[in-house]
Amino acid sequence: MSTSLIRPRLLLALALLGVGAGLSVAAWNGPSDAMLVPRVVLSIWCLVAVLIAVTELVKGAPTVALSFSPLPLLMMAVLAAALAMKHIGFLLPSLPLVALTLWLFRVRRPLPLMLATTLIAGGLWFLFHHVLLIRLPSLLTSGVV
Amino acid sequence: MDVILAAVGDAVAWKVLVAIVVGTWAGIIIGGLPGLGSVVGLTIFLPFTFGMDTIMSMALLIGVYCGSVYGGSITAILINTPGTPQSAATTFDGYPMTQQGRVDEALGWATFASFFGGVLSCVLLIFCAPQLARFAVNFGSIEVFALVCLAMLCIVGVSQGSVLKGLLCGMMGFVFSMVGSDSITGADRFTFGSYALSSGFDLIPVVVGTFALSEVFMRLADRDDKAANIPEASLRFPHPREILRRLIELIRGSFIGSFIGALPGTGAATSAFISYAVAQKLSPRRSRLGKGEPDGIIASESSNNAVTGSSFIPTLALGIPGDVVTAMMMGAMVIHGITPGVRLMVDQAQTVYALFVVLIIVNVAMLVLSKPSIGLFRYLFKLPRGYVMAGIVMFCFIGAVSVRGNPLDAVVAALTGMLAYALRCGGYPLAPLVIGMVLGPQLESSLRRGLLIERGDFLGFFTHSGIATTLFVLIGLFLIWTLWSSLARRRAGPTCRSDLSHSINR
């Protein structure tokens with residue numbers, strides 16, 4: 001299954017221009033002394049982004065055929081795990097994330113998958129949180145998990 | 001002389017030597033793991049020093065510090081993922097060399113340049129500490145602003161072929177560094193009412209996201225690409241003839257690092273970028289920089305390791321810690337009865353000289369331990385790619401959340417990783433993003449303080465002092481040189497144009 005996407009480089013340049021413009025609005029609405037440098041930097045950002053967008057438009061960068069990729073799945077899992085860490089601690093979101101990463105990188109036999117998940121996620125968490133006492137986000141206030 | 005001999009005796013006691021070996025080896029390994037840098041290393045080892053005597057405990061911590069700065073270069077070269085921000089500039093030439101099958105040569109140069117920079121800065125520390133400390137205090141806000149502007153020029157250098165995109169990434173990094181409370185007025189910037197954002201973005205989550213997580217995403221996307229395989233790590237020290245040929249680059253990088261390290265508030269990452277920017281202008285092989293040229297590794301590694309020695313100058317001589325790492329080292333010194341400050345050399349001369357000798361031994365230990373340490377990484381990277389990638393993801397999260405204990409940093413790392421992946425696909429060089437984030441806060445604070453000193457007159461910066469004028473003239477000359485050489489390249493035809501961004505992006 002493949003679909004065609006319209007000029008991803010142009011879209012990226014426009015997206016960056018949009019972000020720069022949005023931040024510029026915030027900078028111009030903020031206190032002038034604290035926002036002096038941000039205003040200058042964001043003006044350069046917007047100007048450069050416009051130039052890049054025009055260049056990409058003129059160049060007519062080729063369209064890219066998108067095929068099915070597991071990458072968005074990994075990206076979403078990484079983001080979900082990062083968001084969950086604040087609420088359910090480090091260990092619980094790490095286990096499925098490591099299992100999924102291993103699976104996507106073709107470690108699919110059940111025993112190595114389970115052992116590696118336990119060792120990489122659980123082992124590193126135990127090493128840092130309990131042995132080296134580098135405190136990672138916890139589920140319980142006591143910090144045990 | 002008796003004091004120095006007694007200090008040497010203190011530094012070569014067997015317990016101290018064991019502490020040096022353990023600390024340096026652990027530092028190399030910790031530095032090589034993405035996200036875990038000098039701060040995490042020192043945090044882990046500080047509690048172990050409480051039962052030790054002064055020299056032994058400092059030997060352990062100095063070993064961890066110096067080892068971690070060097071260790072960051074190993075993964076920077078092998079998988080385009082700097083273990084520490086200090087080694088970000090090493091990826092510019094280290095990873096292209098790996099792609100060309102010259103990984104042993106790249107690691108050899110990184111190791112030797114780190115050793116050379118470290119030892120030269122120790123020698124300078126021993127002989128010139130008081131003079132350097134006196135000169136360093138002449139660097140006020142305006143001089144630091146000029147120096148950081150000079151370092152910013154390397155954005156142009158690492159973005160050849162896509163200068164606009166490099167500039168945009170540099171601005172992005174700069175804006176990332178502005179999020180949170182303004183350091184001068186205390187006003188919130190780009191927090192959008194979120195309390196969590198008021199503490200701003202730390203450098204470590206951004207670096208691990210930009211380089212390490214985006215590399216994992218890249219390798220998943222290119223998993224059928226043979227070039228995406230992790231190379232077998234090996235080390236080959238450069239031939240003496242090669243060392244002689246590049247001696248000027250080694251000395252220049254080491255001097256830059258030694259000098260920048262002596263300035264409070266700069267640090268090894270800034271020093272590496274400044275040294276790289278200077279190499280782009282002065283190296284006889286500058287046209288190959290960014291495409292797998294050892295001079296790039298030498299500039300970055302000799303400079304960032306030279307900082308490890310000279311950063312003790314303001315710490316010991318003035319009692320001013322230059323960055324978080326030296327602040328932690330200073331805390332450890334105070335715990336163990338060393339009181340940094342102007343009286344230190346008079347009151348505790350033997351201890352100070354013993355620390356200098358320890359620093360030299362640590363650099364020798366680093367050279368000796370580099371081979372077995374790289375052997376360990378070779379063993380790790382021989383594992384199937386899935387295990388390595390899952391480990392990198394975990395270390396990214398551990399590194400991100402352990403720096404400040406803020407779970408939001410994991411989200412910052414994840415989002416930066418996704419952004420960096422999109423930027424790589426769009427042909428944007430990533431290095432300027434980190435350069436902007438490292439240098440941005442110093443540029444802004446020195447500019448605003450300078451404007452306060454000059455009462456809002458920016459033109460006054462150029463005539464503020466002899467040092468400032470010299471630095472601004474240098475910047476002008478570098479800009480003219482860059483413009484002239486790019487015009488000359490354009491006249492010479494498209495065949496001579498380099499495509500640096502490609503080598504940095506991959």
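Each residue, glycine too, has its Cβ placed from N, Cα and C.
All annotation found in TrEMBL is predicted automatically rather than curated by experts.
It should be emphasised that the depicted structure is a prediction, and the values quoted were computed from it without experimental measurement.
Residues or ranges marked as transmembrane segment in TrEMBL: B:16-46 (among others). Sequence-distant contacts of the transmembrane segment (B:16-46) (same chain, six or more residues past either end, CB-CB distance under 8 Å): 10, 52, 55-57, 59-72, 74-75, 81-87, 204, 207-208, 211-212, 324-325, 328-329, 332, 358, 361-362, 365-366, 369-370, 372-373, 376-377, 392, 395-400, 402-403.
Marked as domain 'DUF112' by TrEMBL: B:17-435.
The transmembrane segment annotation in TrEMBL covers B:58-79 (among others).
Outside the transmembrane segment (B:106-128), and at least 6 residues removed from its termini, the chain residues within Cβ reach (under 8 Å) are 66, 69-70, 73-74, 77, 90, 93-94, 97-98, 233-238, 243, 250-251, 253-255, 257-258, 261, 292, 294, 297-298, 300-310, 312-313, 353, 356, 359-360, 362-364, 366-367, 370, 374. Taken from TrEMBL, the feature transmembrane segment covers B:106-128 (among others).
The transmembrane segment annotation in TrEMBL covers B:135-158 (among others).
TrEMBL lists B:192-213 (among others) with the feature transmembrane segment. Note on the transmembrane segment (B:192-213): residues 34-35, 37, 80-82, 85, 88, 91, 173, 176-181, 269, 392-393, 395-396, 399-400, 403-404, 406, 408-410, 412-421, 430, 433-434, 437-438 of its chain, located 6 or more positions outside it, place their CB under 8 angstroms from a CB of the stretch.
Same-chain neighbours of the transmembrane segment (B:255-279): 69, 85-90, 92, 117, 120-121, 124-125, 132-133, 135-136, 139, 144, 147-148, 150-151, 153-154, 157-158, 203, 249, 286, 289, 295-296, 298-311, 313-314, 318, 320-323, 325, 434-435, 438-439, 442, 478, counting only residues six or more beyond its ends whose CB sits under 8 Å from a CB of the stretch. Residues or ranges marked as transmembrane segment by TrEMBL: B:255-279 (among others).
Below 8 angstroms of C-beta separation, residues 3-4, 7-8, 10-12, 16-17, 20-21, 23-25, 28-29, 32, 55, 58-59, 62-63, 66-67, 70-71, 74, 107, 111-112, 114-115, 118-119, 122-123, 125-126, 233-235, 305, 308-309, 312, 316, 338, 344-345 of the same chain, each at least six residues beyond the ends of the transmembrane segment (B:352-374), sit close to that stretch. For B:352-374 (among others), the entry in TrEMBL reads transmembrane segment.
Per TrEMBL, transmembrane segment is recorded for B:386-403 (among others).
Positions annotated as transmembrane segment by TrEMBL: B:410-438 (among others).
Annotation comment: TrEMBL describes B:458-484 (among others) as transmembrane segment. Within the same chain, residues 138-140, 142-143, 145-147, 149-150, 153, 156-157, 277, 281, 450-451 sit at least 6 positions outside the transmembrane segment (B:458-484) and bring their C-beta atoms closer than 8 Å to a C-beta of that stretch.
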